[in-house]
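According to Swiss-Prot, the active site, proton donor annotation covers Glu858. Residues or ranges marked as compositional bias 'Basic and acidic residues' in Swiss-Prot: 214-224, 357-376. Annotated compositional bias 'Polar residues' per Swiss-Prot: 550-561, 638-648, in sequence order. Annotation source Swiss-Prot lists SUMO1 cross-link at Lys368. Per Swiss-Prot, the feature SUMO2 cross-link maps to Lys368, Lys821. Feature annotation from Swiss-Prot assigns domain 'Z-binding 2' to 243-307. Marked as domain 'A to I editase' by Swiss-Prot on the basis of sequence analysis: 832-1167. As annotated by Swiss-Prot, phosphoserine applies to Ser228, Ser235, Ser431, Ser564, Ser579, Ser586, Ser760, Ser769, Ser771. What Swiss-Prot lists as region 'Disordered' is 207-239, 315-384, 524-561, 632-652.
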Amino acid sequence: MSQGFRGPTGVFPHQTQPCLDPSYEHSKWRYLQPRGSESYLRSFQLQQIEFLKGRLPEAPLIGAQTQSLPPFLPGHWPRFPGPPAQGKQPEIWGFPRSVTLRNQGFHIGPPLPPPHSRGPPWRGAEGLCSHFQELSISQNPEQKVLNRLEELGEGKATTAYALARELRTPKKDINRILYSLERKGKLHRGVGKPPLWSLVPLSQACTQPPRAVNSDKEVPRGEPDLDSEDGDPASDLEGPSELLDMAEIKEKICDYLFNVSKSSALNLAKNIGLAKARDVNAVLIDLERQGDVYREGATPPIWYLTDKKRERLQMKRSTHSGPAATPAAVSEATQSTSFPTCHPPQSGGSSSMATSKRVENGQEPVTKYESRHEARPGPVRLRPHAYHNGPSRAGYVASENGPWATDDIPDNLNSIHTAPGEFRAIMEMPSFYSPTLPRCSPYKKLTECQLKNPVSGLLEYAQFTSQTCDFNLIEQSGPSHEPRFKFQVVINGREFPPAEAGSKKVAKQDAAVKAMAILLREAKAKDSGQPEELSNCPMEEDPEKPAESQPPSSSATSLFSGKSPVTTLLECMHKLGNSCEFRLLSKEGPAHDPKFQYCVAVGAQTFPSVSAPSKKVAKQMAAEEAMKALQEEAANSADDQSGGANTDSLDESVAPNKIRRIGELVRYLNTNPVGGLLEYARSHGFAAEFKLIDQSGPPHEPKFVYQAKVGGRWFPAVCAHSKKQGKQDAADAALRVLIGESEKAEQLGFAEVTPVTGASLRRTMLLLSRSPDAHPKTLPLTGSTFHDQIAMLSHRCFNALTNSFQPSLLGRKILAAIIMKRDPEDMGVVVSLGTGNRCVKGDSLSLKGETVNDCHAEIISRRGFIRFLYSELMKYNHHTAKNSIFELARGGEKLQIKKTVSFHLYISTAPCGDGAHFDKSCSDRAVESTESRHYPVFENPKQGKLRTKVENGEGTIPVESSDIVPTWDGIRLGERLRTMSCSDKILRWNVLGLQGALLTHFLQPVYLKSVTLGYLFSQGHLTRAICCRVTRDGNAFEDGLRYPFIVNHPKVGRVSVYDSKRQSGKTKETSVNWCLADGYDLEILDGTRGTVDGPGKELSRVSKKNIFLQFKKLCSFRARRDLLQLSYGEAKKAARDYDLAKNYFKKSLRDMGYGNWISKPQEEKNFYLCPVPND
């Protein structure tokens, strides 16, 4: 018999004595509770013991709120019913309160105080403070459910849904509790859906044992009262056993593969005692993830041990076979621990003790117990007892009795107090780098580490050499959307060259690559016996030449500088005018582990292929290989050129502080203004952002006001109908201002371009346009072609004029401009420009010439050019003819353009119609050529056909072969309004001249010298469309023309500075027109109405009426009274030579099979103007 007192979870035996009455034990309970911080310390020490035995996943921490001890398995800790309880043990939902356990074998700390000792009254309050973290206000959820069912009464049942609603608990938690109580034999589940739950009658509960969870386990269930306290132990029984089984299977698999070298899953399963392959498949996959095994083949796979796992097993077996690790030493090092089992007195029975088994660190003891009878049939609950806490000073643990003091650790777990012989096997076990094992040289280790990730390889090498390796962030710069990080490797205080990149990960990798390159060269020199000169290299020295054995690194900082390799390659190809393609060569491997093989193709050149587990990584690696190959080619070509200039780097972003090419920023105006602004800000080290200033309008038509901010400077606000469009327009406006300021700074000779605040550039642009001395002799575009200069002049003028206008009014930047050069050496000046891509609707035609029928950019720029010619003719005087662009023609009746003066047309894309009717694959590269000969393409009969524009839309359709005579009333009633395409009109200009019929009364024909395109350029298709299709059959057409008309063949080409890529979506309906005579006043039209954009629908200055008005003024100024009384149509017909040439031109097109030229209704030209007096 044993004398003891009962604790919250069992008996703490001290000496043998008959068991006392439970009431007596209950009266003594409150005196025998552990006090205050002493209880906390002992509980903490028990948690240390559990951690050392491997039952806790983490070491307990003193001073922190530690979790309670895990529920004790019935097979490990004996449980006994405690004294009768009159209350419930408070606990947090689902987590029982931690309790203090004691037994004779694990008594830790000072001896127990006498049972009648009491502390001072102040100790209770301080003890409460020390146990404040253990307070709880919740209740056992199982007890809540039992109480609720008891309230219903015996024989009453309810559903889980009703319980969940009454207890305000999720239904899934209630279901889990109900089924747990059913397994314990406390509840009865009725049939039906949903099942009805009720309490088990008392008589049935006495005879019905709890249901076993797992019959093949030899550990009995705990008592119902403690199960309600600690929760359902089923999960605790299943987890460790399954883990042990998994570990055992893994060990058997590895041992078998170590002996046979390879095997299939089925063969493995049969040789380790299992039946089917599926029993080991999951374990094999887990081992494969851990890097212990690998497989080859697909159906079925053959499994092998990895080299590293085989080395570890070999080392383990050699260690176990050594003299130090003998079985006697191992058995001597561990002690068996037995837990006494005490049962309540049973009639005619004897208490059975659990068989003691050896417990090793990190394993769960599996102990078999004999069956025992329950002491009481009903549930017995523990009750919290009031007691006086210990002194508060015990909460501060003294150093000599600290949580890890060796005296408090049990002897079987205390390695310090253990005899030296017990752990001799462990202490004498050779380490991985023991001198008894061969150790590789630093050079060999570095070579192995270079095959891995640079950061991981460097850390592994530092650990190999017992050194510390740190990655220090030296500097962080750049805007928030594209920061720059500079990292440096420091090994044992030695600093290596830093590396900079756009992300911390890439910067660390680059710094690790540099450090490993230096260490590799030093180790190689040391192994070869050479003096270690490289080890004394200064920190600033950046080893650019890699070692011979160094494999290519995963990131090339000199090439990409933090950018994606794919992005860098595409930018490089774009600058070179080439297009690259990523080709998927093959796809191998299963679906869960594919291998993609990619290569980069640039034209006919193919770069080395690479393989990777994903398409994205494969493309990046292929781009890296292509960039490295391109850089090597560039370096070789630079070496071959003796005395040549330094070639620029492939990646211009390595020098972000240099001035960006304005052509690149102009490209963003036509593609992605947001990206262009961010690129501009990054190149200058500024941060860019877009702010929503205001939002108004109804939900179906909102208006968003956005404003761009770059480097603390706000740019003009814009208004749009969507947030996306608002950001684009704000970026567009900011780019125009910044580009204009950059151009001004370049023209004035500044070395660096900084954002300039202040006045508008309109006056500056006007002065530059009119003052030849203000122009620089050459454009600030090194190596640019003639067509690049034409394009730059056009965009400069457009940007300077529109930098203060809302971009939403300016269309999608389909720009056309006419540039005038006074001599071949002149840089040129823009005399007219226009934007737009719309035609007037049929219901907006005017009988008075008040609408502009065609608002395409090319047509608008030509009408502005006509206005420029009128202004120059009004200024012409034979006394000042030296400064004029005109001179007297042969016969003296008319004027003509001077021989040195030339006009050049720029269009940002191919003209609509036949000039753009080809596949983009036929596009030609920009080549500087002095040859002006044309090579038109005639591949099929449809090429060269006349085409008309689509009303209220974009694109063209071919004209019908039959005669079409559009009528005014037919169009008003809904007949399709036909407008000839821009390619057909440019063809007419190259035959009849740019001046038109009215100016032919005063001028000889004016022809274009060149045509420049920014996009969709094909020399064969463009020349066919704008001039060569009328000479397809020879010179017959040109021979039929009367003097002074000819077939003009202008020089054609495309720009190389930028390429305005295609944008999806329709262009806007607005159109801009300007000529040099207008100063810096822009006019914005609505292309579908043909009038000035706005509610007033004002008359445009490029309309027929206004141009006819200028013609009348010129007639009055030149004393041509015979033309003042004519209508618009009659005045055009009065130019007999022009009218005859036009009719011949139309007839020839019809005879050549190109179709009929469709004109507007004749009624539209029959309007008159009052005579204009000579001012």
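Note: Cβ is positioned from N, Cα and C throughout, glycine not excepted.
Keep in mind the model is a prediction, meaning the values are calculated, not measured.
Shown here: features listed in Swiss-Prot, placed on the structure.
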{"residue": "Ser564", "record": "phosphoserine", "CB count, 10 Å": "14"}
{"residue": "Ser579", "record": "phosphoserine", "CB count, 10 Å": "14"}
{"residue": "Ser586", "record": "phosphoserine", "CB count, 10 Å": "10"}
{"residue": "Lys821", "record": "SUMO2 cross-link", "CB count, 10 Å": "20"}
{"residue": "Glu858", "record": "active site, proton donor", "CB count, 10 Å": "28"}
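Cα spacing between Glu858 (active site, proton donor) and Ser564 (phosphoserine): 39 Å, rounded to the nearest whole number. In terms of DSSP secondary structure, the domain 'Z-binding 2' (243-307) contains 39 helix, 11 strand, 15 coil. For Lys821 (SUMO2 cross-link) paired with Ser579 (phosphoserine), the C-alpha to C-alpha distance reads 34 Å. Separating the Cα atoms of Ser564 (phosphoserine) and Ser579 (phosphoserine) is a whole-number distance of 17 Å.
Summed and averaged per residue, pLDDT over the domain 'Z-binding 2' (243-307) gives 85. The residue listed as 'active site, proton donor' carries a helical DSSP state (H, G or I).
Under DSSP, Ser564 (phosphoserine) is assigned to coil, being neither helix nor strand in the three-state scheme. Annotated pair Ser579 (phosphoserine) and Ser586 (phosphoserine), C-alpha to C-alpha distance, rounded: 22 Å.
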